[in-house]
Each structure stands twice: as structure tokens, then as C-alpha cells.
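Novice: The structure follows.
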Amino acid sequence: MNYRFQNLLGAPYRGGNAVITQNTQLISPVGNRVSVTDLNKNHTVTLALDSSSNICRIAASPDGTFLLAVDEQKRGLFINLPRRVVLHRITFKDNVSALEFSPNGKFIAVGVGKLVQIWRSPGFRRAVYPFELVRTFANSDDIVVSLEWSLDSDYLLVGSKDLAARLFCVRKLKGVLNKPFLFLGHRDSVVGCFFGVDKMTNKINRAFTIARDGYIFSWGYTGKDVKMDESEDGHSEPPSPVTPERADMVMVENGDGVGTELKKRKEFDGKGLESDDDEEEDDEEYMHRGKWVLLRKDGFNQASAKVTACDYHQGLDMVVVGFSNGVFGLYQMPDFICIHLLSISREKLTTAVFNQRGNWLTFGCAKLGQLLVWDWRSESYILKQQGHYFDVNCVTYSPDSQFLATGADDNKVKVWSVMSGSCFITFTEHTNAVTALHFMADNHSLLSASLDGTVRAWDFKRYKNYKTYTTPTPRQFVSLTADPSGDVVCAGTLDSFEIFVWSKKTGQIKDILSGHEAPVHGLMFSPLTQILASSSWDNTVRLWDVFASKGTVETFQHNHDVLTVAFRPDGKQLASSTLDGQIHFWDTIEGVLMYTLEGRRDIAGGRVMTDRRSAANSSSGKCFTTLCYSADGGYILAAGTSRYICMYDIADQVLLRRFQISHNLSLDGVLDFLHSKKMTEAGPMDLIDDDNSDEEAGIDKQSRGNLGYDLPGSRPNRGRPIIRTKSLSIAPTGRSFAAATTEGVLIYSIDDTFIFDPTELDIDVTPEAVEAAIKEAEVSRALALSMRLNEDSLIKKCIFAVAPADIKAVAISVRQKYLERLMEALVDLLENCPHLEFILHWCQEICKAHGNSIQRNYRILLPALRSLQKAITRAHQDLADMCSSNEYTLRYLCSVPNNH
């Protein structure tokens, strides 16, 4: 089965900076991947590209075509966003803390440690070395943390941790000392620096620098520096006693048209300033050589909170600032008027950014996985997403494959839309970890089991918990199921080794099944019969007849602890996984063992950082903790504490395919062999935390790496998450499956959700082009162009231009995004066109070619489908009435004698 990565749910944001392109496209890093959210359609997709470790900085080109993403291993990917492919790769020599495209899209400014590097953007050029280093500025004394380009791409404003901001001229100037201007006076790192523009002249007249300790400095540009020119009274301003002149300083004095220069070095760049070109260039006004004055200094008054994210919108002249206490402020500049000051989180905000129009604000909190888009004018949310705080424990598909439910250790149950990739319901009533989920057959009821001793039933159409199942004494539930008819609910316990059976309608306990001698971690009803299967760590799988109250019907003995159990969709076969890495297949009718699969070598995981043994010699992780049959029962998916998901063919007992869920080196267990150079006497170097820049200021370093510290008994590996798959679920349609992994919920699908259409980039999409395509008999291309134009008359013309024999081929070529528009055109033709058979042939071929897509997206296509059904029903009724009338007329004519 050709499953490919489709999307990543459960983790909308994991850290780094978010950017917005084309005003509505939100791009955010998620671990070692990149997610793109269409804010208009509320649709999120995660690109199938992945980096070698967690992405820390991203930057998008002004037109939104290119994206540069840099990870923690200093490796960058240059991505073509419309095609979703990697064009180029680059490795920097130090950690990248700032990244920005120039407004003209030709250059990329990169803060690499203490350096600022200017690279030429490679674009679509084919080259052996696509990235060309243009300039390097090494004036900063500490790490560069912020960058800002001027509108003409000639100047660069740089903020760093050395408490200063610097203004660089990117161009190389002849005979002019290209020394940056320093903005001093800050008491902490400069986390944001921005240019202010005069709206009348569209020239830079102000600059804003924001310090980490909660102050914003407003600087004004007054033109040429008085140090460079003689003052009006004929006296020069005395030099500052604090900053003595450097020996290589060049002073240029302009008198009555005569240029004289005073040099303390013999030569400057090997040339003098005698040429006319040099004189003209010297007369030009350079901002980095002009005079900047401090206009005002304002404080945000957030007590001990630090500034962690900020952005400035030049058109609105507004500044948005995010703080370490979860508060954000929106200020009107240059008067520093507070418009909004609100708290949206309890943790540090790690990104804050305006969209191009300035009406939406985007905030991200890495520790909580929050991603918010807020309209500050209407004070309403455009997007509000939050992932699970801890790993996802369980995942399950709804019966129609449209929804996905997840439960995690953060006590929350979330329901996601598979098509849009967004969470639309979060249930928070559980008080302990959610361990199991089960969708009811009615498609809008969900059951969840938790360690808090309750099983809750949710109605996600009414958004409420409508029933809670409890026990006389508190128990911890770790498994859950319900019979196909929905009459009873069963849950297995961790502490008392019992199975509780409730009536779904009344909530009363009907029976308590005893017999297991260890925790009951697997529980499932047979899809076609009333037999309940349970697996336990006592080496047994037991079959129960719940309705007949006969107790145990059958017991299947194993040699090791049974970790999970699964029924084949026809109920005639049962699969169980044991601690020794084997999968056993049992005939439930005869009660005999059919097959045994040895999977230790297939599921063998990598080496964890704290392991004393190599991956080959370690016994941990070499077993399957979750099993899931395919929709037809021909193959089975199995996964565990490993980076692999294994797919087996049951009849042939062979491994068909292994899916590697992640290549992210920020996770433990990805590599089979650890780097020997990183091993020291004190242990692996990766576990030694030497970055105390944030801790010194009293702020915990916020990343997903330290989540393990919040769990009791967590492993002392700096909280590095260990790669694993805790749950698997195959969609009832069999077209996709979901895996609850350390990185989130990965969705793999057979269907191509992204098909690149060259007409999307074509500027020559005109009615004339449609007519030309029809004349050249390129009806498929003509139909695609007419769909893009959305001209009803052209679409209908293209439909009639297709010969009846070619309808099938053209219907297959129609893109999924245009199905709704094509159906609307066919409905209109059915109601107003006499060519009934021709239009019905179109409808038939569209349904045949895109049946799977229509089933997956039926909620979106529902209005068009209903209109089509009504039109066909109406045509059928009219035709039936006509046939009945004609039949009666013919009978009458046949009964009339010939002489009449």
C-alpha cells in the first residue's frame, strides 16, 4: 500500500518564529517540519519536508514563493512553497539567531553568532554553489538577535546581546568609511529594532529599538552629522570624552566646492577622493553617517517580565510586544499610546508578528503549543489552536473518517477535522491522563477513559459531557471499548485487574468481569459478534460473552506479557502482541493459533542517549505496543517504542513496508549509533546544559526539550523526548491511517492531497486562452482554465466541447478543488439544458473518477451534492411524468378504431 505522509495534527506550534505571507498564509515551524495555515479557509497542512533537527528560524521572501528554514544543527533548507520542494541546502558555521529577506527579495540577512552575513538569494537558479556570500559584518561583540531591512534594501538595522543596535550600509562605498552607526543606552539585549517611515516622503526618519528589560527607544534622524560638517558659527563640536577617536578615522571637510581630506592612514582602500565620481558619492547623504538623536525612552511597566517577542508595522506605525508572563501589548507610535494590554497565556510568548495589512496579530507560545491569530480591531480570534502539552496517548477515527480524536497526559480530549487539520473541540473535564478513546457508531458520540477513574461520553455536536460512568471505588482505566450496537460500555483497569461493564443508556454497572491477574491493557469487541476480547500482562488473552453472562468463553495462553489485542474487521481472527516482539494470530471460531510473526528485528529502535548498551544489544523497545488491522483485513500495522511503523501481510507473513516516523535528531532514539566524539567522562555532551543565558535572568529556557522535567520520575536526559508510537488507527475507508507519535499525530494517506497545477502560476489565463485551447482540441486544459476564471458561460462551453467518448478522460483530469464548481455548472445545465443524457453521462463519470475524494470531503461538497441530487430527481420525475402521459396517450390511440 502506497501510503505517504499527508499531515501532522496535534502540534500547531513548537517554537521558533512564525511568518505571514500574502496577508493570509501563516507559516510556523513544528518540530523539524513546517506548517502552512490558510487563515481565510482555516485549513492547515504540514509540508512533507523535514529537517535534521528542530527548526529554530524561518524567513519568507516578500512574494511568498521561497522559504528559508534553519534548524538547531545550523542546516538550512531553501524551499519552494508553491511546489513544496527543497531547492537548495546550506550549512552555516554557527547558530542562526536571526533571519530576514530583503524587501526586493535579492538578499538574505543572516545573524550567525556574532556575525551578520548578507547572502544573495538563489531563487530558481541552477548552480553548484547557489548561495553567494556578498558581505559579512563583524562589528557586534555578542550574539545578533534581531534584524531589520530598510525599504530600499540599502540599510540594515541589527540588534545584539551586547546592549547596542547598529545601522549598516549594505552597499560597498568607494572612499567612504563604511562604519556602522551605534544606538547605545540599552541595559539589556536589543530584541527588536525597526525603521520608521515618513508617510509623506516615504523615507526613513525614525528608528525604534526594544530592549529585553522592557524599554523602547525612539530615535530620530536629523540628516548629516555635525561632526562631518562645519557648524554654522564656524566651530566644530568637541569630540566626546567617553569615546575617543580611532586612529584610522577619516575626516572629510567640504568647503567652498573644494574637497579636502585629513587622513591618519596612508591610504584608504588604496584610492583617494580626487575623482568626480568620488566627490558626488561623498556628497550623497548616508544614514549610517548621519546624526541620530534619542527622542524618547518609554517603559512597558511589566515589573520583572522580560520582552520575548516584538514586531512593528510601518503602515500603521504600531508596535506589538510579547512578554515572558504571557501578556502582550499593542502601542501606537511615536506617542507610545497603549491600545491593548491583554494576557493570553501563563507562559512566555515566543513569537509575535503582524500580517501585511496590520489588522491581524499572530502570537505563539512554545511551551503550551499555542498559536493564536487575533483581530485587534474587532477583538476576536481568527485562529486559536493549541496542541497537547504532553505526548498523545491514544487516537481514533470517526466512523465516517472525517474526524480524529486524541487523548493525552494533559487530561484533555481533542477532536480534529482531518480535512482542515484544525482542532474544533477540546474537552477538559478529566482530571488525570486520558488513556483510551472509542467512537460510537452514531458518528457524533465519543467515549474516553482516564486514570481519574471515570469513563465519559461526549457529544461533540452539543459540545458537552452528557454521561459519566464510574465505579463504587476509584479505579484507573487504561482500556476502553463498546459493542457495535452501542448498548454496553466496557473498560479495563490498571490496579484491580477487572473489566467493568456499564449500560450505555442508564450508566449502571451491569457486570464486573474478573479473572485477569495483571493490568488489562487491551480491550476490543468483535465487529460482528458479541464476543469481548481482553489482553493482560498475565500472559493471556480472554474471550468473554458479555450478554450471556457466561464469563470467560476462551483463554489463549502466551509465553510473555500480552501488550495489546485487535480483531480483524470480519471478527474471525484475533491478533495479539507480546513482550518478546511477536504477533500471534488466533482463529476465534476454532480457538487455535494460526500464525506467529517474529518482529523483534523489524521494530528494533535506536539508541537512547542514556543507554549503556548499543541498540543491537538492548532489549528495550523491541516489542509492539499497538496493533491495527486494515479495512479489508489483509494486512496489519504494528508500532511501539521505536522510530518505525511496520506493515505486515498476514497471509504471507512478510514485512511489506516500514515507515520511519521521524528523522529529527532532536529526539532520542533516532540514531542507531551515537557520536563517539560527543561522549565525555561526565556523559554525553548533549545532556550537559551550558546555555544559561535565560536561566540567569530567572526565565526558564522554553522549548519542548524540558517537558520531561514536569513529569515525576522522568529520565535524566534533559527532557529529550524519546521517539515512539503510542497508538495507531486506520480510517474505516482504508485510505489513510493515523499514528500518535512523539512529534504529534502523523497522518499517512494513499490519496494525493497536493497536485501541482501549472495554470496556478500562469498569468495568461484569459477567455482568449480558453477559446484557443478549445480550437486546438485541448479540452482538459480549456476546462481547467475556465475553472480558474470562474466564468459560468466558459465552463459550460468547455463541457459541451468534450466529445461523449472523451468525457471519462476529462473527468479524471479535473482537480479536486474544482469539483464543487463543476457540480454547480452541471446542476444548472440539468435544469435548463435539453441534452439530458449527455449531462447525466458527465455526472456519472465525475462520481466514478472522484468517488473517494467526494466521500472524504462530503461535508464541504454537501450543498453541491444535494443540489445535484435534487436536479437529477426533478429530471427523473419530469421524465417519468412524460412517459406516463405518453403511455396513456398511446393506449388511447391504440384503442380507437381505424375508421376514426
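Heads up, the Cβ atoms here are built off N, Cα and C, so glycines get one too.
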Novice: May I ask you to indicate which of 236-263, 264-291, 684-711 is given in TrEMBL as region 'Disordered'?
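Specialist: That would be 684-711, per the region 'Disordered' entry in TrEMBL.
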Novice: Considering only the recorded stretches 385-426, 427-468, 555-596, state which has the highest number of Cβ pairs under 8 Å to the repeat 'WD' (513-546).
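Specialist: The stretch with the most contacts is 555-596.
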Novice: Mean pLDDT, the repeat 'WD' (555-596)?
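Specialist: PLDDT averaged over the stretch: 91.
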Novice: Summarise the repeat 'WD' (385-426) by DSSP state, stating how many residues are helix, strand and coil.
Specialist: 0 helix, 23 strand, 19 coil
Novice: What residues elsewhere in the chain lie close to the repeat 'WD' (427-468), defined as a C-beta under 8 angstroms and at least 6 residues from its ends?
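Specialist: Distal contacts: 393-400, 403, 405-415, 474-482, 484-486, 489, 491, 494, 502, 504, 507, 523.
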Novice: Mind checking which residues of the chain, 6+ beyond the ends of the repeat 'WD' (385-426), have their Cβ under 8 Å from one of its Cβ atoms?
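Specialist: For the repeat 'WD' (385-426), the far contacts come to 7, 9-14, 41-46, 368-372, 432-439, 441, 443, 446, 448, 450, 452, 458, 460, 463, 707, 711, 721, 724, 726-733, 735-736, 738-742, 744-745, 747, 855-860.
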Novice: Residue counts in helix (H, G, I), strand (E, B) and coil for the repeat 'WD' (427-468), per DSSP?
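Specialist: Breakdown, helix to coil: 0 helix, 23 strand, 19 coil.
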